[in-house]
Structure formats: C-alpha cells, structure tokens
Amino acid sequence: MPELPEVETVKRGLKNRLKDFYIHDVEVITPRSISSEGGSKAFVKNIIGLKSGEWTRRGKYLICSLHSSDREEIAGWWVVHLRMTGQFQWFQKKTKSCKHTRVRIWNKDGAEIRFVDTRNFGQMWWISPTFLPTEKITGLKKLGPEPFSKEFNPFYLQESLKKRKRSIKSSLLDQSIVAGAGNIYADESLFQAGILPTKESKKLNKTEIKKICTSLTHILKISIGEGGTSFKDFRDLEGVNGKYGGQAWVYGRENKPCRKCGVKILKAKVAGRGTHWCPNCQK
C-alpha cells in the first residue's frame, strides 16, 4: 500500500498537473471505486463543470477542493484513497483506456487524469460543500497527528503508548496514533532507532521514544525526496518509479547483509505484516 511518501509524491504531481483543471467529462468504468453517497452517478453529476483547487494530503488520503468557475468559495470536495494498488496517470492527449482503468476525467482540451487500480480497492468520494471531508469519511476523522506536525512529539507518543501491550510495530501501523506511516517506514524507522519491532509499546523508555520520533520523520523526509518506494505497483503521475527502495536499510532485504553490521536481515510476521529487522542492530 502506498504510504505517506508515496501519497505525498502523488499529491505534488496532482498539484502540478491539475492546477485550474476544469472537469469537462468523467467516465466511471468501475462503479465500486466510488464510495460517496449516491454512487458513481452522483459523483459524475456533481464534479462535472467544476475546477480543481488546492490538493492536500492527510495521512494516506488525498483531498482536493473544487470550485465553480473562477469563484473562490468551495463547491465541493474530491477525496481519494489509493489503498493497495491505486495510482493516477496523466495523459496530455486523448489515449485509449488501459487495463485496470477505473475512473477517467478530462478537461475540454482532451487532457486526462486517469485512475488505475489493479486490485480495485481504491476509493473516491464527492463531498458536498456543506460538509467537511472529516464529517463524511470515518477513516479521516480517526487519524492521529501527521509525523511532521508539532502535535507528533516524544511526549505525545509516550502518552499514546504507555498503556499499549501491542508491539511497537503494531502501534506505528495504527493510523489513530500517527497518520501515514505504514509497513515500509515502520520497519525502516525502527531499524534506524535500534529498536526491535516486537518490543512491547508500553515498555519503551523516553530515550527510545525520542529516537522513534526522530527516526520516523527522518526516514519519511528522505523517501519523499526520492519520490517514495516502488517495490510493486507504485508510480508517480508520469509513470516514474520511486527510488527509496534501492537504499532501504531492512525492508525487502530478507537474508541480505545488514548495511551497518553485515548480519543477515530477518523477516517474520509481526502485527500481521511481513516485518524486517537486524537481530544485531535492534534490541
């Protein structure tokens, strides 16, 4: 699943390509991709004729304000979650639909933003301007603070973890604790912090918690700079792979030597997810 760096990369691409993008026509090929009230028919009816405004990211959600003509007031919201394999593709000219295309959106000049999703778990919503997206999408409402926000700090994390018996890996995957982190960057940040992913959350001391906060934000910043990670399906709008995977410390490196100490990287299921760590560097 695309995590914070990948979704941030997509957001930046959408912000660049869809600046003042007037929605002239929409084709929903797979109705189940639309999760908002009224389904695909209401989605198409409500967004045609509107202009895309500011794109933002909240956790793994993409949020776009929509506007009528040149008016500044918001005429609705377009929200997207890529889930496992969702991706946007940009086409400057009219192009035939490709396999796994779910939604196609054009401007009057024929430029297209296309939503392609192999597993078909991705979701889109149209939200009326009378509501905020958080009022209609439960997942958005439950999100914890962003890793780069002031709210995400060692004191906050210590308070959030002090009664949790679950592993620290499980806690970092919990979107109500920190928004946007996922399997890849939980493994990577725990390696950099020198902490075993199986360690019980409430047993972490202040120094360890501070290391986790620092490591997570550091790893996320590096990955954003590399355009994210492309181990499987992720591409940006132009079809370019993310480059972080080539420098990953542990993720995807089972049985390979640790980049720090040379000991073989281990992999096992933790919190139901394939988890990588160095048995020597992490305690």
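Any Cβ shown, glycine's included, is placed from N, Cα and C.
Feature list (source: Swiss-Prot):
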type	residues	note
ACT_SITE	Pro2	active site, schiff-base intermediate with DNA
ACT_SITE	Glu3	active site, proton donor
ACT_SITE	Lys60	active site, proton donor
BINDING	His100, Arg119, Arg164	DNA binding site
ZN_FING	249-283	zinc finger
ACT_SITE	Arg273	active site, proton donor
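Annotated features taken from Swiss-Prot, shown on the structure.
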residue: Pro2; record: active site, schiff-base intermediate with DNA; contacts (Cβ under 8 Å, 6+ apart): Val10, Lys60, Leu82, Gly86, Gln87, Gly228, Phe234
residue: Glu3; record: active site, proton donor; contacts (Cβ under 8 Å, 6+ apart): Lys60, Gly180, Ala181, Gly182, Asn183, Ile184, Tyr185, Gly228, Thr229
residue: His100; record: DNA binding site; contacts (Cβ under 8 Å, 6+ apart): Val116, Asp117, Thr118, Asn120
residue: Arg119; record: DNA binding site; contacts (Cβ under 8 Å, 6+ apart): Arg83, Met84, Thr85
residue: Arg164; record: DNA binding site; contacts (Cβ under 8 Å, 6+ apart): Ser171, Glu200, Ser201, Lys202
residue: Arg273; record: active site, proton donor; contacts (Cβ under 8 Å, 6+ apart): Lys169, Leu173, Asn183
### Task
Mind tallying the zinc finger (249-283) by DSSP state, helix then strand then coil?
0 helix, 12 strand, 23 coil
### Message
If I take every residue in the zinc finger (249-283) and average their pLDDT values, what number comes out?
### Response
98
### Query
If you draw a 10 Å sphere around the Cβ of Lys60 (active site, proton donor), how many other Cβ atoms fall inside it, taking every protein chain shown into account?
23
